[in-house]
Amino acid sequence: MSLIEFPLLDQTSSNSVISTTLKDLSNWSRLSSLWPLLYGTSCCFIEFASLIGSRFDFDRYGLVPRSSPRQADLILTAGTVTMKMAPSLVRLYEQMPEPKYVIAMGACTITGGMFSTDSYSTVRGVDKLIPVDVYLPGCPPKPEAVIDALTKLRKKISREIVEDRTLSQKKNRCFTTSHKLYVRRSTNTGTYEQELLYQSPSTLDISSETFFKSKSPVSSYKLVN
């Protein structure tokens with residue numbers, strides 16, 4: 001190569017060479033190829049299934065659904081989580097390789113939904129079992145909301161550092177896999193203490209003189225006024 005061709009090389013190299021860091025390259029590759037593990041237990045999963053069709057086409061985001069947690073880096077929980085399902089959900093999360101992310105989809109997953117008031121077997125929030133990165137409220141959320149949640153997760157991935165995320169999860173998170181059920185007496189049975197409702201005749205027949213003698217001395221002027 002002659003010396004005359006060097007200026008031409010300098011002009012074309014600025015458009016063909018990209019300078020970046022290994023962290024940015026890793027984040028870019030991860031946010032562009034999320035492989036979700038679909039943990040659907042209720043009607044919210046039907047809304048997510050509509051993303052597979054041609055109308056929304058979630059393949060354009062690089063999503064490839066996986067059936068094995070060892071090949072997934074995103075778990076999407078949709079629907080009610082019961083006490084019996086809690087250990088299996090935690091095990092699936094632990095089998096996923098780092099870095100891994102969680103999207104809680106629907107009111108039943110986030111707070112227990114309508115089953116959280118009277119049900120004895122519903123987990124009141126999946127974040128009591130595994131750490132959640134994006135909360136997606138709704139009953140059920142629309143497919144457009146799911147796309148918005150995925151976009152927010154992609155933005156979060158593009159700004160993070162893998163080492164800092166792993167250390168923060170080890171220090172600040174505490175997972176609970178065992179749920180104990182304590183049977184207590186109900187407060188709405190309709191039976192009450194009879195002593196509080198009905199006083200005995202001995203307490204009702206107390207004269208006024210005896211009553212005032214047991215109390216502190218009060219003048220008649222104070223009683224009248």
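Even glycines carry a Cβ here, placed using N, Cα and C.
Taken from Swiss-Prot, the feature [4Fe-4S] cluster binding site covers C43, C44, C108, C139, and the record attributes it to sequence analysis.
Counting only same-chain residues at least 6 apart in sequence, those with a Cβ under 8 Å from the Cβ of C139 ([4Fe-4S] cluster binding site) are C44, G106, A107, C108, G113. Ranking the binding-site residues C43, C44 by how many Cβ atoms sit within 10 Å of each one's Cβ puts C44 at the top. The [4Fe-4S] cluster site is defined by C43, C44, C108, C139, and by the 8 Å test on Cβ atoms against their centroid, the other residues of the chain that qualify are S42, A78, G79, T80, M105, G106, A107, T109, G113, G138, P140.
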